[in-house]
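Have a look at this one.
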Amino acid sequence: MIDNNQTCAAGQDSVPYVTCMIYVLEEWLGVEQLEDYLNFANHLLWVFTPLILLILPYFTIFLLYLTIIFLHIYKRKNVLKEAYSHNLWDGARKTVATLWDGHAAVWHGYEVHGMEKIPEGAALIIFYHGAIPIDFYYFMAKIFIQKGRTCRVVADHFVFKIPGFSLLLDVFCALHGPREKCVEILRSGHLLAISPGGVREALLSDETYNIIWGNRKGFAQVAIDAKVPIIPMFTQNIREGFRSLGGTRLFKWLYEKFRYPFAPMYGGFPVKLRTFLGDPIPYDPKVTAEELAEKTKNAVQALIDKHQRIPGNIRSALLDRFHKEQKAH
């Protein structure tokens, strides 16, 4: 009786090429019914893919907690040095920035375009808020590594209530306002970042990349009071990396009621992420806060129109990993 490999070797047309390859692999690996194993593995992949996509966003939170654990260890190790050094946390910041920069390069092929537009002095960076602002974490890492500067950021109040986050927020200079504090930071020559859309934009915006700022113009008044330029910022494909289900009526109501992002997220896709910094909007004492806010919104929208395909597509965003630069759409 002729075995499977002999049948393939005989060149019989009735035996498909793929089937022959399976027979060869069965003999080479010393297993039987390899095709059944492959079918079973494919079935497992089909079953668990939705679960994996729901877990990956929380892996980012896991990385944040690993960062916090590292900072606590670092703090204990250097407890005696703290009384003698004003730069205790610089080593920790550099280590964390290097780790996040490595993650950005491997998982997203992360790039920043327009870094030269950031001045040596103070500036207010205004950015579009993704479902998870992982692009801003990467951007802060780049700023610290390349320029040795910490970019302060205004975070939502709920972030300060997350257990364990206080040390992380302190080390990386996050604040929740008020306006006077933001002006003070800018007048001291620091970089400050604000997303006017905040959590609402994170939850309610989608693959159409609609900007949800409402009538917010406080950030513009901050720039006017501090007499600093505004730099618009947008990250290509940020909505394809992570998606939010916050657009449903239930989760909208929950957010408006409790001001807490209850909406689940999915994703963690290794899409290409490119952060683009627009031309600085210079300080002009003749411009009102309303006019400056509208001008800034238009600048961010211009970056979206130039660099982002609408609607966003996860498959295309994955393929962007293999292109040097995406065409303007």
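Cβ coordinates come from backbone N, Cα and C, glycine included.
Pasting the feature list from Swiss-Prot:
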- H129: active site (ACT_SITE)
- N5: N-linked glycosylation site (CARBOHYD)
- 1-50: topological domain 'Lumenal' (TOPO_DOM)
- 72-120: topological domain 'Cytoplasmic' (TOPO_DOM)
- 142-329: topological domain 'Lumenal' (TOPO_DOM)
- 51-71: transmembrane segment (TRANSMEM)
- 121-141: transmembrane segment (TRANSMEM)
Report the mean pLDDT of the predicted model across the topological domain 'Lumenal' (1-50), rounded to a whole number.
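Its mean pLDDT is 54.
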Check each residue in the chain of the residue listed as 'active site' that is at least six apart in sequence and keep those whose C-beta is under 8 Å from its C-beta; list them in sequence order.
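The answer is S195, G197, G198, V199, E201, A202, S205.
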